[in-house]
Ligand SMILES: C[S@@+](CC[C@H](N)C(=O)[O-])C[C@H]1O[C@@H](n2cnc3c(N)ncnc32)[C@H](O)[C@@H]1O
């Protein structure tokens, strides 16, 4: 029979806690005996008065009511909406301490996985705000008006907002202007309980260098009355706009974008620049959200690969081809693999756009294509991977082991799956000496990094 562990605290109890650490998701950590309690809005070194909100078998949660001793790293937060929505969960932590926090996150997971890899100090931004080139904003009815904002943490309750703090201010301006247009045209916002209404979400992307602006209106069905007037008003009131796209999402779920779309006005893609190359980006294609730091990240990947001009490089999880095409001029050939069809089309087009003739892109799952290429006897010198948060498939790592490139460059947005995959690469004879975190998402707890693995 299992013995039930008694938690040393009770729900609704209010008491003082001394904070000793910060969890991976930015909560203060305190321990009573060995029982951890995660405390909102609390930093290491602080003493807070907090009320216990949840008591589980292994850990509990508490909410800060009063800070009794303040950390020197605390920054005063004035905007309640940022806290309510959680769009900037580290905003109360000074930026240098955020960078240290990210380095430590990677160190912690490596230590747990028994990986002896040195983690370098995080490369940060000189201005860690207003960096995002993309916004995805819900539109809902609030007090009888179509309203833009962001959902309150762990809910679908809209907090009205038009200043999003970490987004390009020109995107914020476009969203505010669009809200005004939608209200004047009385376009009905989506009601997710009844699954009625017209406009669900607005997605905006803006080229950091090009200043092109793409507006994607996500609707529940193909119906969008007054589209002509809407476009005329957008053109006159948001002068930077270069594309207006209607994306249709008829699902009842939480997915922001649907699978089909049509161009209502302007270009079907947004053009931007990275490391001196031009990129056209379709609405459904992945594109890094922090253009300044993306260049730092890619340059780091190019530098650690130490390319000599003779290599065949595989760019797995290649998106619209940004990494492979940035490497193309330093190598003999690039072979990209990507699972989203539009992104592969973009990548092929982007190669042409930049006059690059030594890069080709294959549609498919990286794990499947890599196995096929390995069976066909493909030779490669460098494999670059940049997977989504869930990391690599074990069969992909095995196939890479068999292809046996001299180097693997692993770009990761999730230290936990990075550590898991580095261990699997270890079984294939690959080791890493150091990892370079790059802050792609200031004010949030997300951690990006580059690691070179060699045989
Ligand atoms: C983090 S993004 C990186 C894209 C690109 N390297 C960049 O920096 O813009 C990951 C990409 O992997 C793609 N992807 C996800 N699962 C995949 C799989 N199993 N095989 C190939 N590509 C995949 C996604 O569509 C996305 O474009």
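Just so you know, glycine gets a Cβ as well, placed from its N, Cα and C.
The shown structure was predicted, so the numbers you read here are calculated from the model rather than taken from an experiment.
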Please state which member of 338, 367, 406 TrEMBL lists alongside 288, 317, 386 for binding S-adenosyl-L-methionine.
338
Between the Cα atoms of residue 413 (active site, nucleophile) and residue 317 (S-adenosyl-L-methionine binding site), find the distance and write it as a whole number of Å.
13
Using the structure shown, find which entry in 338, 386 (the binding-site residues) has the sparsest Cβ neighbourhood within 10 Å.
386
When secondary structure is assigned with DSSP, how many helix, strand and coil residues does the domain 'TRAM' (8-66) contain?
0 helix, 34 strand, 25 coil
Taking the domain 'TRAM' (8-66) alone, what is its mean pLDDT?
95
Given the recorded positions 288, 317, 413, which one has the fewest other C-beta atoms within 10 angstroms of its C-beta?
413
According to DSSP, which of helix, strand or coil covers residue 413 (active site, nucleophile)?
coil
According to DSSP, folded down to helix, strand and coil, what is residue 338 (S-adenosyl-L-methionine binding site)?
strand
